[in-house]
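Enquirer: Once you've had a glance at the structure underneath, I'll fire off some questions.
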Amino acid sequence: MDNFCLSVSLSLSLFHYRPLIKLSITWRKNRVLVTSGLSDFNRRLTIIGPVVSDSGFYECEVVLRSSSVPSVNAGAYLHVQEPPQFVKEPEKHITAEMEKIVDIPCQARGVPQPDIVWYKDAVPISPVKTPRYRVLVGGSLQVNGLLPDDTGMFQCFARNLAGEVQTNTYLAVTSIAPNITAGPSDSTVIDGMSIILHCETSGAPRPAITWQKGEHVLASGSVQLPRFTLLESGSLLISPSHISDAGTYTCMASNSRGIDEAAADLVVWARTRINTPPQDQSVIKGTKATMTCGVTHDSSVTVRYVWEKEGSVINTQSIPRIRLDPDGTLHISQTWSGDIGTYTCRVMSVGGNDSRSAHLRVRQLPYSPENPAALLSSSEKRAINLTWAKPFDGNSPLLRYILEVSENNAPWAILLANIEPESTAVTVSGLIPARSYQFRLCAVNDVGKGQFSKETDRVSLPEEPPSAPPQNVIASGRTNQSIMIQWQPPPESHQNGVLRGYSVRYRLTGLPVDYQSKNISKPDVTNILLEDLIIWTNYEIEVAAYNKAGLGTFSHKVTEWTLQGVPTIAPSKVQVEAVNSTTIRITWAAPNPQFINGINQGYKLLAWEPGQEEEVTMVTVRPNFQDSVHVGYVTGLKKFTEYYSSVLCFTTPGDGPRSPANGLRTHEDTPGAVGDLSFTEILDTSLKVSWREPEEKNGVLTGYRISWEEFNRTNTRVTHYLPNVTLEYRVTGLTALTTYTIEVAGMTSKGQGKLSSSTISSGVPPELPGPPTNMAISNIGPRSINLQFKPGYDGKTSISRWQVEAQVSVIGDNEDWVIVHQLPNEPDARSLEVPGLNPYTFYRFRMRQVNIVGTSPPSQPSRKIQTLQARPDMFPANVTLRTASETSLWLRWVPLPEWEYNGDPEVVGYRVQYSRTGSQGRALTHVIADRLEREFTIEDLEEWTEYEVRVQALNGIGAGPWSQPVRGRTRESVPSCGPTNVSAFATTSSSILVRWFEVPEPDRNGLILGYKVLYREKDSDLSLQLWTVEGNASHSVQLTGLGKYVLYEIQVLAFTRIGDGMPSSPLILERTLDDVPGPPVGILFPEVRTTSVRLIWQSPSQPNGIILAYQITYRLNSTNSNMATVDVLNPSARQYMVTGLKQESVYVFRITAQTRKGWGEAAEALVVTTEKRARPQPTGRPMVPQENVQARSVLLTWEPGSDGLSPVRYYTIQLRELSESNWTVHSASVNHKSSFYIVGRLKPFISYQFRVKATNDIGDSEYSEESEAITTLQDAPDEAPTILSVTPHTTTSVLIRWQVRRDVVIGPVVCLPIRSKTQSSVNLSKHKRYEIRMSVYNAVGEGPTSTPQEVFVGEAVPTAPPQNVAIQSATATQLDVTWEPPPLDTQNGDIQGYKVYFWEIQRKNETERLRTLFLPEGGVKLKNLTGYTTYMISVALFNAAGDGPRSPPTRGRTQQAAPSAPSFIHFSELTTTSVNVSWGEPTYPNGILEGYRLVYEPCTPVDGVSKIVTVDVKGAPFWMKIKDLADGVTYNFRIRAKTFTYGPEVEANITMGPGEGAPGPPGEPFISRYGSALTIHWANGDPGRSPITRYVIEARPSDEGLWDILIKDIPKEVTSYAFNMDILKQGVSYDFRVIGVNDYGYGSPSPPSASISAKKVAPFYEEWWFLVVVALVGLIFILLLVFILIIRGQSKKYSMSWKEQVFLMFCPLSVYIYIYISILSCLLRSPPRPSPGSLNYSDEDLSTTKYNDLIPAESSSLTEKPSEISDSKGSDSEYEVDQNRQKTHSFVSHYISDPTYYNSWRRQQKGISRAQAYNYTESDVMASIHTRITSTNGTGI
């Protein structure tokens, strides 16, 4: 806008109006006062011709003058817009070549900034649709890759809100035929170098360049072979060149306008290269040095060798010692120091020059140190200062000095073997006074040890008093007035002279008294007995040694008491009186304490009968220190007996004197019962009563009282009192045959004694009583029960005693009974309490009653009961405590025996209580739930602390008593905290000084052997580094070799012989000083153009300070380029862009960083200014020279590949172990200039493969070919073995188990030496503690030792098992096992018990059990076992140390028992009248199975009759065919197995007939006959719910036989079946029927067919007439034989009567006659006819001969051997027809197996009526079948 007016009108609406002159109006723009353009009392501001700079916020303010009214403000924004104006426009016509890039300029300005929009030929340009068109920043249009279609008019529009402008240009795209302006020229190159074949072209479109060698295309726009690179200019870069690259190269340029080409020849020379460079050498003076210089070169090139030393050429012709071989090898003989220097081998040829250098060092032995001198130190006692002058080092740095010493003219010995080589003085301290010393030194370098210097003058140290006290001072009280002191001399190094003797001083502990001394003037006497000491007094004793210089230091005080004495006086004021008939009361006063001579343990009250001083009744009374008069009672004395009594005081050593004896008598009492009450001369009206005097008279017998009365009639009592001499009395006036109660009792002045009574019938002698009955148990407690009973027959006299017997724990008919209680003199008792039982124990009781005749038989046993639980009564025995570790103790005990559990074994356990000895704090406890546990490790204790431990048993009720406390101490350990006051101070850029104080005394936990400084860079993942400081004297160390300007975390720890302690806390942080930085890293050129590059880098990996700046220098990489560009950048810069470079040239860039210490090392990188860069080619196959293979590193070399015109920045090395498949990166930053690398951190004795990858700015190359497998060398093991356990093996040896990591061994393990602290692992001393260390070594060397393990020797587990283990079978559930202990020398201590392991053979994992016996018994009864089962039993013994080995398993078998039930019942082949029953073998046979008993019956009566059939089956068949069942009836089957008795049965029900879904009946069959074959035809019936799967044919004899399966498994498709009649019984008529079978089972049978006979012609020997003739001939022969015998019998030669002879002759003949008649009757018998009736099985029924007529002559299917019964289990039917042997499987023979068949086919005897059906006795149905069917599928019964 050209003009802009802004007016502001302000109206003020005030309460009091004021004139405008009273208002002050001001204007501001952006808060700056405006003074121009104001009018109308400043109410209007006018801006004329506004410009962009006038834009802003305008504000007016109105103030009322001379008033306090606040001012009023208002404002608005002014925006000034400017239309677009072009600042850069394109030319009106632009011409450009095809495929070029053209920029069409177009820039405009305006407010707001205009938008630029391009059009081509009036169509908007979319860069999205046409990517070649790109609008640049500012609005210019760039067209890439010009095409002819790009020709046209281009318009540029600039628009904003203020307006629009436009400009245009015409673009013309042209094309030119190609032309090679500078073609390639013939060139020569050295193998491995790069060469560029130039080919510069012109043309439009830009010509496409193709390079060819012969017919092969090497490089083009679409093809590029490795090493051949097409540059932007069209030139061909070959890098690196190979010999095979020689030839003619053609450059072909082509575009759409034509083709041009040019050619040149390339010659490639093999590069002259030193492939075997000289190596740095260090030779010993006088030896020969050989330096190789192996060269590879082109065969057409001549090479020349020149050797230089320090830059000067060596003339080998003038020096005889030096010889140059034709192959370039330089030999220098008789080397000396003049040969030292750097030697350079230069190889010169037209094929290239090369040079390599190596340094030669000539070494010799160092000279001896000069001017050694030794003087006594003036500042330090027992020290000598030694000085010397540094010798010549032999051209090899000195490694150390060796100082030898001669003490008192002794042979020279090394004193210091590692004196620093920089030292020229040393102070030798710690010398021994009174000894003379002489010194000499020698220097050592890597050649060896030089000559020793001359000896110093001999220096003697003055004598001093001993500086150490005698060692191991021990005091022990020998008597109550003497103490034995023993010691060992001070260490020899602390005697400081010749010992003259010892001084022993002692005094009373805690009293201000002077020492008493004893002097020993003989130094070889190391003990003394201090005598005449005070009884039971504590002394403190010290011992010191002395020599000529004086008395040494005294030892630490040891305190010891003299032993206690016995009291020397008796208690006083003793008074004695009788309290009652069994108790006396004694009072006394305590003796004076000073005469007790020890700790008063109490008093003993003594009482004894006169003349029986040895049998003293003693009562111990604890001391009462409160009362002056002591009172005690002696109980349990005999009644009315004379006693003497006395009192004594006792201490631990023994009893004091007794007080004078006082005599007294216990009170009189009533007498006890008379003895042996008996009755004799028993008559109808009288009898004699006899007795003996009471055993316990308890006074003076005054007489006897005898009374009698009729039983339970007290009014008939008669009493007589007899004199004390009467011991028998005849009772008269009795009534005949009347029961009387007779009582007799003794009498004293105290009254009548205990009654002895008995009942007896007059005229009837007493007899043995009968057993009690009706026993009942009540009030069951832990230790008692109440027993109620009914008395048995009393034997015609009263019962004098009740006797209770019990079976304890194990209840059974064969278990023993023991007497547990007896109740005397209670004849009327009907219940009694049985005390003294064991808690939680099974009991079964029985009773006996006793009268004057004897003991009754036992009653019937009671029910089994279990007493209630109670607390344990005892504590675990043999409690011992051993040291386990620094923080744990090992507690052992003997567990409670089972009978002491007093409760449920599952909840029996132990409670361990432990506390620090002397601690008043609360003790800690731990509960162990395992009742058989014998040990426990108490953890989390404090190091080197004594603890007090005790154990108690507990169960579900509560805990038992505590054991006596035992004490033990934990082991020495590592320090529990680090040193204090740790500080660190940086001294240089690579070193830090660390200082610290000692570890606090309570936390040392042992002797500090040294310190370790732990340090690493902060926030680094690197492992900690260690710096070890030996000894406890030095508390500082200088850490060197650190990183520069690096912040380190530093800690210090102390270590003991056990190991390292805790590091100090907190971490100390300290940074090393700064230095010049290292080179920047990670230089890359991500963007490279033909004239510019951009490089990036990372800060130095070792900045060594704060980076202040970076400096970049770059120049052309050519020899004639001395111009370099330098630029300094700020420290934050990480990239740099360089432009104006020369195309396709190589530049070298150098980058360096700066700290305040200066500029650091530069990093250098090359770059080629080309856009044709590619990834590098793989390197050559890596090589590992064998001589460079070490144990943990190898030298890897490779040949670099092509860099792809982008120099390699770094290499990546991967490796893998030969046994693994995965590659791992070892290093990803190998210098790009390197062609070798030392691969470290390898494992010794492992095979490796390596591969290399190169990386440039573009990316990674492929990995090189894998190297050959290289095996690193062996090395000494670097880790110690892990000791798994150290356990006592015997009482003098230990067994060590260890583990060695295979990757630690590093080569074959040769041996594992065992190092003990004092001795080897065998023949150790008993009852000592040993420390065991182990190390591993191989052929290379020995590894470090393991952490020490302590072991106590003296206890060990048994090493041999029990002997002669024998097993005796006791019952079906019990085995008795006995054994003998092993030899005594293998027991290794007292046997604490045995462990008996037993299991069923073949089932060890499932059935193994353990029985533990905690007594050294020699046998055990194993009960509750499985019957008739073989057990394996092994026995092991154990002692306090643990379990010994098991004995070899011994076999034993329990006796037979009843078997378990059969495992199952299964039914198959179910038809309307038969079923196949099978069963499984019992799970537990418990013996030899003799057979089975099968019982079946209908569940409901059939025709009103319920028939039970029982069949005994011998042998082991598992199925039976049951027939003659009723259709639709449910039967119950039960079966049980038998060994020597029957076991339980298993039962199941089955309903006869087809099931639901089974097939219906087929049509009625009809039969056709053809020769000896029968064919049965039928029609299909209803298939049921599933298709028919097969058919079955049943048959039966027509005369009421039973149906049975004849043919099975007939295919479902057929409706007829033919079979041979040979399987039928000849001459018998049969009926047939057909049954269909599907998945639901057997279906309904078809109607029976018409009967048909299976008749065939019999042979003549079966005709009746033939049999009659045979019988008659036999009869005639028999009669003739009888006649001859009768004639001979009449001879006088024989004495027996003719009747006897005839009888003897006829006995065998009758047998023959019977056989013939039987055969005849069988053959002439009519065919059997079926007949229902009872199953009356008899021997005749079971005779197989009776049914021989049912079996074909050729059949052999029956036998009478019951042992051969088939045990086939898999068949579901009686038989299967074998098509090859039909004749041997007779159908009729199957009826023999059916017991019902016997009855149905037997003939009724004449005159005997047929039995009613199902009417039978039990014996009728018991049959044992002994048949065997030889078919392979099953057995029929």
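Keep in mind that glycine also has a Cβ here, set from the backbone N, Cα and C atoms.
According to TrEMBL, the record shows the following:
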COMPBIAS  1761-1772  compositional bias 'Basic and acidic residues'
DOMAIN    1-70  domain 'Ig-like'
DOMAIN    84-174  domain 'Ig-like'
DOMAIN    178-267  domain 'Ig-like'
DOMAIN    272-363  domain 'Ig-like'
DOMAIN    368-464  domain 'Fibronectin type-III'
DOMAIN    469-565  domain 'Fibronectin type-III'
DOMAIN    771-870  domain 'Fibronectin type-III'
DOMAIN    875-973  domain 'Fibronectin type-III'
DOMAIN    1178-1275  domain 'Fibronectin type-III'
DOMAIN    1361-1457  domain 'Fibronectin type-III'
DOMAIN    1461-1557  domain 'Fibronectin type-III'
DOMAIN    1558-1657  domain 'Fibronectin type-III'
REGION    1754-1779  region 'Disordered'
TRANSMEM  1664-1687  transmembrane segment
TRANSMEM  1702-1721  transmembrane segment
Enquirer: Across the domain 'Ig-like' (178-267), what are the DSSP residue counts per state (helix, strand, coil)?
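Expert: Tallied per class, the domain 'Ig-like' (178-267) gives 3 helix, 53 strand, 34 coil.
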Enquirer: So, do the domain 'Ig-like' (178-267) and the domain 'Fibronectin type-III' (469-565) meet, by the test of 3 or more Cβ pairs under 8 Å (sequence gap 6 or more)?
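Expert: Checked: the domain 'Ig-like' (178-267) vs the domain 'Fibronectin type-III' (469-565), no contact.
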Enquirer: Counting Cβ pairs under 8 Å that sit 6 or more residues apart, are there three or more between the domain 'Fibronectin type-III' (875-973) and the domain 'Fibronectin type-III' (368-464)?
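Expert: No, the domain 'Fibronectin type-III' (875-973) and the domain 'Fibronectin type-III' (368-464) are not in contact.
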Enquirer: Check for me, if you would, whether the domain 'Fibronectin type-III' (771-870) reaches the domain 'Fibronectin type-III' (1361-1457) - at least 3 Cβ pairs under 8 Å, residues 6 or more apart in sequence.
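Expert: These two segments touch.
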Enquirer: What are the DSSP helix, strand and coil residue counts for the domain 'Fibronectin type-III' (469-565)?
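Expert: The domain 'Fibronectin type-III' (469-565) comes out at 3 helix, 51 strand, 43 coil.
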Enquirer: Just to be sure I understand, if DSSP states are collapsed into helix, strand and coil, how many residues of the domain 'Ig-like' (272-363) fall in each?
Expert: 3 helix, 46 strand, 43 coil
Enquirer: Count up the helix, strand and coil residues in the domain 'Fibronectin type-III' (1361-1457) according to DSSP, in that order.
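Expert: Within the domain 'Fibronectin type-III' (1361-1457) the tally stands at 7 helix, 49 strand, 41 coil.
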